[in-house]
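Taking it in order: structure first as C-alpha cells, then the write-up.
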Amino acid sequence: MVLSQEEPDSARGTSEAQPLGPAPTGAAPPPGPGPSDSPEAAVEKVEVELAGPATAEPHEPPEPPEGGWGWLVMLAAMWCNGSVFGIQNACGVLFVSMLETFGSKDDDKMVFKTAWVGSLSMGMIFFCCPIVSVFTDLFGCRKTAVVGAAVGFVGLMSSSFVSSIEPLYLTYGIIFACGCSFAYQPSLVILGHYFKKRLGLVNGIVTAGSSVFTILLPLLLRVLIDSVGLFYTLRVLCIFMFVLFLAGFTYRPLATSTKDKESGGSGSSLFSRKKFSPPKKIFNFAIFKVTAYAVWAVGIPLALFGYFVPYVHLMKHVNERFQDEKNKEVVLMCIGVTSGVGRLLFGRIADYVPGVKKVYLQVLSFFFIGLMSMMIPLCSIFGALIAVCLIMGLFDGCFISIMAPIAFELVGAQDVSQAIGFLLGFMSIPMTVGPPIAGLLRDKLGSYDVAFYLAGVPPLIGGAVLCFIPWIHSKKQREISKTTGKEKMEKMLENQNSLLSSSSGMFKKESDSII
C-alpha cells in the first residue's frame, strides 16, 4: 500500500511543478519526485534549448504584403529620392549661379570654394547615414524621415538669407544635407518591409524619382534664377521639402523593430533601455564579419571618388567649351532621362539575377561610368557630349537601383538598415573630396580636361574589386553549410546523451526512494 500512495504523490508533485518550467507545449513531463532535483533541472535545460526556435517565432517580422499600402509607401519614397537627389544632381545650375552671385574677379580660387558647397552637401547626406540607421532602428522609419525633412526645410530656408559663400557651408552643406540624410535612408529600408519578390522593380521605380527630378529641375531652376534670383529659388525649393515632410508619415511600420525586440512592445521602457545600451547594441559592427559585405563596403566608395565630378562641374565645362550653344542644361537632362530608364530596366533585370550575382551589374555600370567620364574632354562637338551623357546616365541608374537589393542579399533583412547606413557613410568621403579636387585642378590648369580624365580611373578600380564578391560569398556559404551540418549532428547526439543520462539518474533515484 505504501507503493500505491507514493506514486500519485510523485506524479502530483511533477504536475504542480510543470507550469514553473518553460517546457514547450506537447512535451512529456519529466518523471521524478520534484523540480528541485538536479536531474530534472538538466532535463528542463535541454528542453528549453530544444524549444528555442519556437519561442523566437513571435519576434520574426511578418511577410512583406507585396502591395496594398506599400504602393503609397513606394510613391512617398519616390518623392523622397526625387526631391533629395534631384536638387543635388541639379547643383551644377546652382553652382554657376553661386559663382555669379558671390564670385569676384580678384579671387582666383572661387571655383574651388564654391565646389565645396555642393560636394559637402552630397557628402554629408551619405556621411550621416550610419547615424541615421541607428535612429531608424530605435525610433522607426516614420519618425526619422519626418524629423529629417523638417531639418532639411530649415537648412534650405536659412540658405536663402546668406550674404556670402562661407555661410552656405553650414546652412546648405551641413544642416540641409543632414536633414536630407535623415529623410532619405529610411526610404530605402521601408521598402524591404513591404516588398520582397518585387523589391528590385520597386527600388528601380523609387530611385527613378531622382531621375525625373533631374530632368525637370535644371530647366525649372534656370527659369527661376533668371526670373527671381538665387535666393528666391532656394525658397521655392523649400516647397519640395515640405511635401517630403508630409510623405514621411506614410512609412507605417510592419517589421518588428529593435524597440519591440528589446522591450517586448512596451513603449514606456524603450527609451530607458536604449539610452544606456552599450555601443555594440547600437552600432552593429558584426556585419563587417561578413567578408563579402566588407569587400562591397570598400569597393563602392573606392569607385566613387570621381562619380560626383560631372554633376558639379559639367555645366561649367560646357559653358567654357561650347559658349555658343543654347540650352546647355540639356546635358544634365540627358543624364536624368537615361538614369531613370536605367533604374527601371536594371531594377527589373536584378529580380531575375540570383543572389549576390547582382553585383556583376554594378561592375558593368562602373566600367561604363569611368569610361564615359574620360570621354567628356574628348568631345569636340555638342552632340557627342550628349551621347556620352546618355550612356553615363543609363549605367548610373544601374548602380543606384540595385544597391538595396544587394545589401539584403549580403546581410539579410534584420541588419540591412545599418548595412546600408555604413555603406552610405563610407561613400561620403570620396563624394565630398572629388569635386573640390576637380575644381582645384581647373583653377591651376585652366581647364577641366585632366579633372575628367582622373575622375574616370576610380570607377574602373572599384569595379575590379567588386568582381570578387560573388566568389567570396559562395565560398563562405559552403563553409557555413558544412559547419552547420556538423554542429547540428553533434548537438543532436549531445542532447540525446544528456536526456538518457538524466533519465537513468532519475530512475535510479526513484528506485532508491522506493526501496
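Each residue, glycine too, has its Cβ placed from N, Cα and C.
Given the structure is predicted, the values throughout are model-derived calculations rather than measurements.
Lifted from Swiss-Prot, the feature list:
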- 27-36: compositional bias 'Pro residues' (COMPBIAS)
- S263: phosphoserine (MOD_RES)
- S498: phosphoserine (MOD_RES)
- S501: phosphoserine (MOD_RES)
- S503: phosphoserine (MOD_RES)
- S504: phosphoserine (MOD_RES)
- 1-48: region 'Disordered' (REGION)
- 1-66: topological domain 'Cytoplasmic' (TOPO_DOM)
- 88-114: topological domain 'Extracellular' (TOPO_DOM)
- 136-144: topological domain 'Cytoplasmic' (TOPO_DOM)
- 166-171: topological domain 'Extracellular' (TOPO_DOM)
- 193-200: topological domain 'Cytoplasmic' (TOPO_DOM)
- 222-228: topological domain 'Extracellular' (TOPO_DOM)
- 250-291: topological domain 'Cytoplasmic' (TOPO_DOM)
- 313-329: topological domain 'Extracellular' (TOPO_DOM)
- 373-396: topological domain 'Extracellular' (TOPO_DOM)
- 441-451: topological domain 'Extracellular' (TOPO_DOM)
- 473-515: topological domain 'Cytoplasmic' (TOPO_DOM)
- 67-87: transmembrane segment (TRANSMEM)
- 115-135: transmembrane segment (TRANSMEM)
- 145-165: transmembrane segment (TRANSMEM)
- 172-192: transmembrane segment (TRANSMEM)
- 201-221: transmembrane segment (TRANSMEM)
- 229-249: transmembrane segment (TRANSMEM)
- 292-312: transmembrane segment (TRANSMEM)
- 330-350: transmembrane segment (TRANSMEM)
- 352-372: transmembrane segment (TRANSMEM)
- 397-417: transmembrane segment (TRANSMEM)
- 420-440: transmembrane segment (TRANSMEM)
- 452-472: transmembrane segment (TRANSMEM)
The transmembrane segment (172-192) in contact with the transmembrane segment (67-87), cutoff 8 A, at least 3 CB pairs, sep 6+: yes
Who are the long-range neighbours of the transmembrane segment (67-87) in its own chain, taking Cβ under 8 Å and residues 6 or more past its ends? 125, 145, 152, 180, 183-184, 187-188, 190-191, 194-195, 202, 205-210, 212-214, 216-217, 237, 240-241, 243-244, 247-248, 250-252
Interface present between the transmembrane segment (420-440) and the transmembrane segment (145-165) (three or more C-beta pairs under 8 A): no
Give the mean pLDDT for the topological domain 'Cytoplasmic' (473-515) on the 0 to 100 scale. 64
When DSSP states are grouped into helix, strand and coil, how many residues of the topological domain 'Extracellular' (88-114) land in each? 19 helix, 0 strand, 8 coil
Do at least three C-beta pairs under 8 angstroms join the transmembrane segment (420-440) to the transmembrane segment (292-312), pairs 6 or more apart in sequence? yes
Would you list the DSSP helix, strand and coil counts for the residues of the topological domain 'Extracellular' (441-451)? 8 helix, 0 strand, 3 coil
